[in-house]
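Undergrad: Got a structure for you, questions after.
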Amino acid sequence: MEIIKSDKIFTGEVIYKLEGPGVDQDPKDLFEIDDKTGWIRSMIPLDREKYRSFTLKAFALSPSGERLENPSTIEIVVLDQNDNRPNFSQKEFAGSVSEFSVPGTSVMSVTATDADDPTTDNAILSYSIVGQESIPPLRVNKTMFGINNETGAIYIRDVGLDREVVKGFRLILQVADMSGMGLTSLANAVIHVTDINNNPPRFSPYLVSFTNKVDFVIGWVNATDNDEPGTGNWETKYTIAKGNPSRNFAIRTDPVTNEGILSVVKTLDYETQEVYTLTLTVENVNPLSIKAPRDPVSSATVVVTVVNENEAPRFNKDPIEIVVLESVVPGTVLASNIAYDPDNAKLKYDILRDPEGWLIINHETGEITARTPFNVRSPHVKNNIYNAVIRVTDTDAGGISTTASLVITLRETNDFFPQLFPLMGTVCSESGRETSGLFLSAVDEDLPPHAEPFTFQLQDINVSANWTIIQVNETHAVLRPLVELETEEYAVTVLVTDSGTPSLSAYAQVNVTVCLCGKDGECKAEAAAIFGTRVGVSFIALLVIMASIALLLLLLLLAVAVGNCRRHHMKKGEGLLVGDSDEDIRDNVLNYDEQGGGEEDEVRQHNTLQLAEASYLQPLRKDYPDNLPSPSYPRKPPADPTDIEDFINDGLEAADHDPNVPPYDTALIYDYEGDGSLAGSLSSIASASSDGDQDYDYLNDWGPRFKKLANMYDPR
């Protein structure tokens, strides 16, 4: 197959080795080398479609295995042979083409493959049609189809494809490699010829006779169509073109048989017309193809003969509609001339249904009259409509009857007076209250438009001077006093009128109790009502003032009594702050922080002197200039209790102009004594409640911090 030889000259023996795919690598054992001569041989036949080439390495070795030179690369290429037949992708191909298609129209394409080398002639394919058979057989003898030998595209070759003649073709296809000169394979192609609407339906006229029954089928008409059954090209639609001006007849298509079914849809009258001549036409559901012959639309004539029969009587209208007032006068004619008989037979009339018994009918003429007035509130009246059923029967043999509905629409009449309620209630005596008043309502048993809206009026002139009635809506009004009335019961006559035609009015006496009301508009109890008057308000204010004065006097007397009691226990010459206790009074003076506007000054209790000095510290008001002196407060209460008001007012006025007090209603803030203190009260009123002046000079002996306190109580 091939030989390798080293180009170098060796003095000793040379051994040749071969490595690579096909030798010692998969696929193994395909090649071998003669280690002495260097001949490379194939051990088995090679398949190019499986292995296209091999890359091997050859070595020249000494007997000891030493490489005598670098290895050589050997490329072995497997040459292709035409050992594979071409194969079609399908055993049988299917396609379709419309009938009467022109030559050159593409039908379908077929494909085939070849496993040989596509770069060689072994894989160049050529297509051909080697056989043709029509379906059904022997309908067409000429060759109708051709095929492109390179692409496999099948096309129409000749004219004359008619689905009514042939339904399809079966072709035998061949593909060959080596451009048609090599190996071959066969396949089939089935081509269906599809239908176009080139055949209009056609039928022949014929004669039919029948009776004049409604929904009666006269007969069937048939039209033939050569197009493919079950398609829109074959399906037909029938039309009555002439002879049916009153639309007494109709025709429809049977979807299974494609026949036309002719029937009567409206009653035929022998006395009016005995014979009808109908012209029928037939067309396809789908429009005709342009390749179809231009023949006129097929038509047929059907002659219908009407058979004379005893026909049932007929009502002029069904339902018979009447509009009447519910208060109709008995004997009033409601309807007449309601039916007739086509055969001019004598008729008999009856009332089949009249649940209230309001109607009378003349059995011979059919005239309907009212037996009694109607009542729109009857349970048999729905939405003002009363229904009855009338029957008419002819007197011919057999006595055929017909019924019709009598629909009576009742119009409401104003026959009920409006009624007012409630007929009693309470209102507040104050005329200025918007919520004060008695809500009145009216009802009427009549139906609209004879009920609301109602109007409310006061008829008595004397009553109108003190009372008024205000319309709220269509059914309500408010009865309200115009002036402040005494708390007692009043009788007010109200006239209420409906909106009927003519309108009806009714008087009603409303008993109204006038009472004193609270803020919620409800009547108060008798005692509360007394105090609820303007006089009561002044009286209560007076009571509050008197109670306040009495409480103030009581506190004043208490303070005087306590002061006198404590003065008897003090040692002479020691002043107000010195008592019988051996304890230091200063230890019992405590400081309490007070809340107010502005910052608070914390008074820290480091010792008794600091506590006494800070006993009257107050936050500085920001609405006054800094370092202004405080006004002098009254030091002693008046001797006469009647001057207490002046005393309080003086203190209040002084506090209002004091820049050292917070800007709220508290005039002065005092620190309080601790528990167990024997000293008297530090308030200005209590300290001045003794009968004579006190001597506070001893405070000066306590140090400079108590001089201010001594000055506060110094009467000079």
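Using N, Cα and C of the backbone, Cβ positions are placed for all residues, glycine too.
Checked TrEMBL, it gives:
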type	residues	note
DOMAIN	1-88	domain 'Cadherin'
DOMAIN	89-203	domain 'Cadherin'
DOMAIN	221-315	domain 'Cadherin'
DOMAIN	316-420	domain 'Cadherin'
DOMAIN	440-531	domain 'Cadherin'
TRANSMEM	539-562	transmembrane segment
REGION	623-646	region 'Disordered'
COMPBIAS	631-640	compositional bias 'Pro residues'
Undergrad: Please list, for the domain 'Cadherin' (316-420), how many residues fall into helix, strand and coil according to DSSP.
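TA: Across the domain 'Cadherin' (316-420), DSSP assigns the residues as follows: 0 helix, 49 strand, 56 coil.
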Undergrad: What are the helix, strand and coil residue counts for the domain 'Cadherin' (440-531) according to DSSP?
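TA: Counting residues by DSSP class gives 12 helix, 41 strand, 39 coil.
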Undergrad: Tell me, what is the mean pLDDT of the domain 'Cadherin' (316-420)?
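TA: The predicted confidence over the domain 'Cadherin' (316-420), as a mean pLDDT, is 89.
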